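Just below is one structure, and these are the notes that go with it.
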Amino acid sequence: MPSNKSVSDAPITQFVNCRILKDHKLQWEDLWVREGKILNPEKLFFDEEGFADHKVDCEDKIIAPGFIDVQINGGYGIDFSQASSDIRGGVALVAKKILEHGVTSFCPTLVTSPSDIYHKVIPELRVQDGGPEGAGVLGIHLEGPFISEEKRGAHPPKFLRTFKAGGLADLMEIYGHLDNVAMVTLAPELANSAAAIHELSGRGIAVSLGHSMADLSQAEEAVQHGAKFITHLFNAMLPFHHRDPGIVGLLTSDRVPPGRTVYYGMIADGIHTHPAALRIAHRAHPAGLVLVTDAVMAMGLPPGRHTLGQQQIDIQGLHAYLTGCTVEAALEAASLHPAQMLGISHRKGTLEYGTDADFVVLDDTLTVRETYIAGQKVWRK
């Protein structure tokens, strides 16, 4: 409650009887929220002489930062790579539905598409804050079309592109513009890719390496030019080999510039990546793990035939798998690490004082019970 010394008249909410994820561990501590931000209780008590207007009993549950999904192609019948008549409405539907999974922010992902699709869809996918209407949009993830034909995976070969001269011209020709773009996945072995990586990184766009035949030296060179992420590690890249570990070797490379971290996305479903491979990656480089869903339009729908961009796919059951890491490590891989990779950990992905009060309440089985955005409850089981 505000006092004469309060810096704000806004109500204060105190979450009690909770274990909060802070400083890389779960600890018994109350969480204080005001005006959509995490509040420092010491400053509240001693500087403002204020106290809580409302108390929420969490009944011994866990409070963790809201989950951030940087690779999600759609869901619930919506494919972000389709130029539908209501693109924004489709994104809004997915944004609303993923609240139940604890996702408070995401990057709508477009797979390799013809340029006219990019020109229609990109202007409609705008960065926006989350709230009761759905998770926030952090920016678009463009996965392709500057990728390897040999490692294209489910990406249609006829729409793949190479860099003619590198840099801005090639990017603008295909994408139209880069407003609201947060990430681009490309293959670093493509000729003239260095200029594109430098251009994107200079604009604050995270460059990810994926769908690639790159060897380790090519991957290291890309990182030195600004690349910082690996799209679905192990999938759609050269397999690890002891003489040349390829992109996978970035996890332990000594040529990553000092002070830089290479992050890597993992689809922890036990299918895309064997659980043993997931454990190897995490134990080699735990600070870089970013959990992604790579969800497609079939998420939330029955098995059957669906689309992914310009292609038909068959979905016959889904699985999820958790590696043997700590609860804290798993939660940070879904929140702190993606925020760090995108350069937004000063406001998202943590419960530090002054950050956005986007968080999830979980029980001991890590089942999402409630989701909050800007301190407001937006979903409850």
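Each Cβ is built from the backbone N, Cα and C atoms, and glycine gets one as well.
Those TrEMBL annotations? Automatic predictions, nothing curated.
Database features (TrEMBL):
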DOMAIN    62-376  domain 'Amidohydrolase-related'
BINDING   Glu143, His211, His232  Zn(2+) binding site
ACT_SITE  Asp294  active site, proton donor/acceptor
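Where TrEMBL records a feature, it is marked here on the structure.
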{"residue": "Glu143", "record": "Zn(2+) binding site", "Cβ within 10 Å": "29"}
{"residue": "His211", "record": "Zn(2+) binding site", "Cβ within 10 Å": "29"}
{"residue": "His232", "record": "Zn(2+) binding site", "Cβ within 10 Å": "22"}
{"residue": "Asp294", "record": "active site, proton donor/acceptor", "Cβ within 10 Å": "20"}
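When the binding-site residues Glu143, His211, His232 are screened for a Cα within 10 A of the Cα of the residue listed as 'active site, proton donor/acceptor', the ones that qualify are His232. Taking the centroid of the Cβ atoms of Glu143, His211, His232 as the Zn(2+) site, the other same-chain residues with Cβ within 8 Å of it are Gln71, Gly144, Ile147, Gly153, His155, Thr185, Ser208, Gly210, Thr231, Asn235, Ala236.
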